[in-house]
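What follows is one structure encoded as structure tokens, with my remarks underneath.
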Amino acid sequence: MKSLCLLAIVAVVSAEVYFKEEFNDASWEKRWVQSKHKDDFGAFKLSAGKFFDVESRDQGIQTSQDAKFYSRAAKFDKEFSNKGKTLVIQYTVKHEQGIDCGGGYVKVMRGDADLADFHGETPYNVMFGPDICGPTRRVHVILNYKGENKLIKKEITCKSDELTHLYTLILNADNTYEVKIDGESAQTGSLEEDWDLLPAKKIKDPDAKKPEDWDEREYIDDAEDVKPEDWEKPEHIPDPDAKKPEDWDDEMDGEWEPPMIDNPEYKGEWKPKQIKNPAYKGKWIHPEIENPEYTPDDELYLYENWGAIGFDLWQVKSGTIFDNVLITDSVEEAEAHAAETFDKLKTVEKEKKEKADEEARKVEEEARKKAEEEKEAKKDDDEEEEKEEEEGHDEL
């Protein structure tokens, strides 16, 4: 046990943190550049939200204007390559407003990105994080490969409540990845298999064709099955119980015809029974060959230059809080940082919100009861007033 603890300590000590932002004070505005690409971007403000433990520790930057684009980014202290290393992107998101449509993701870019002109078309290495609009609740993991942005093929569902959640992306040097939400694994896999980064290893043989005599019909009509002679019956017949109305005038109304009814003897279209096809060979499978366009890439994970991170978002309803942004080469460092930030907040935040929700529910219930009592009292007053009016009328 002692050796394991020592290994963990060594791993954290040797870890390199390329970027860390906790938004503990107003100095964040000096580090995060407001894009000037357009003049009506929404404004971020410093806030811990409604429910927190330690305000200075738990505060982050919050979107503050509805129906706005947001664009703000920061440079790392130094640019780096993740060659031969693990890369971890981690941060927290709280959709305190009960978001209906809006992004909560980050874009991690090269160091030469022009942050003053940061916008939706600015190239990036990785885009990661939650995106919600209507029923769609997805964690984006988009990798830029040879100038093209490639979406992950797997569905990862994000959190959509009003609490803080921790999102972690781990890119490994063996071309594998892991997405964690609140410290729990949400998806793992291979970069090659879960993104369309490379051409397919195999393709259908263009020279292969299904033989003309290949029979894929598992069942066929029984040639010996014969339609019964009494099968053909009309679908509808005249109603035998119908009688011409006594006042029916053939000259005025035309020749009377009884209404039609469903024929109880109608059997529908006759079809011969099905039997096993003796010539059935199964479904023909197109043979595959090695794809001459495929070339393996052992460095799908690799980006030679990392140097900036930014929020480029659209939100219909503002109120999302971002905090505890971390870029490191160590999973252990990311876990340690989460333990000092997210883990200390989540329990207290949940308890305070549940208490506030319960108090709000009680207030709402009391208001409902009061409204019902007032409605009932008014009904009694109206009935009493009506009764008095009737008694006065009787006396007259």
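Keep in mind that glycine also has a Cβ here, set from the backbone N, Cα and C atoms.
Given the structure is predicted, the values throughout are model-derived calculations rather than measurements.
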Per Swiss-Prot, which of C5, C101 is disulfide-bonded to C133?
C101
Do you know which of D312, D323, D329, D343 Swiss-Prot groups with Y105, K107, Y124, D131 in the alpha-D-glucoside site?
D312
Among the residue ranges 29-32, 281-284, 393-396, I'd like the one that Swiss-Prot describes as motif 'Prevents secretion from ER'.
393-396
D131 (alpha-D-glucoside binding site), number of other Cβ atoms within 10 Å:
18
Write out the long-range same-chain contacts of K107 (alpha-D-glucoside binding site), meaning residues 6 or more apart in sequence whose Cβ is under 8 Å from its Cβ.
A73, T122, Y124, V126, M127, I309, G310, F311, D312
Just checking a number: largest C-alpha distance across Y105, K107, Y124, D131, D312 for the alpha-D-glucoside site, rounded to a whole Å.
17
From the centroid of the CB atoms of Y105, K107, Y124, D131, D312, the recorded alpha-D-glucoside site, which same-chain residues not already listed sit within 8 A by their CB, in sequence order?
G103, V106, M127, F128, G129, H140, I142, G310, F311, L313
Starting from the Cβ of Y105 (alpha-D-glucoside binding site), draw a 10 Å sphere and report how many other Cβ atoms land inside it.
23
Averaged pLDDT, computed only over the residues in the repeat '1-1' (186-197):
98
Does DSSP give D131 (alpha-D-glucoside binding site) helix, strand or coil?
strand
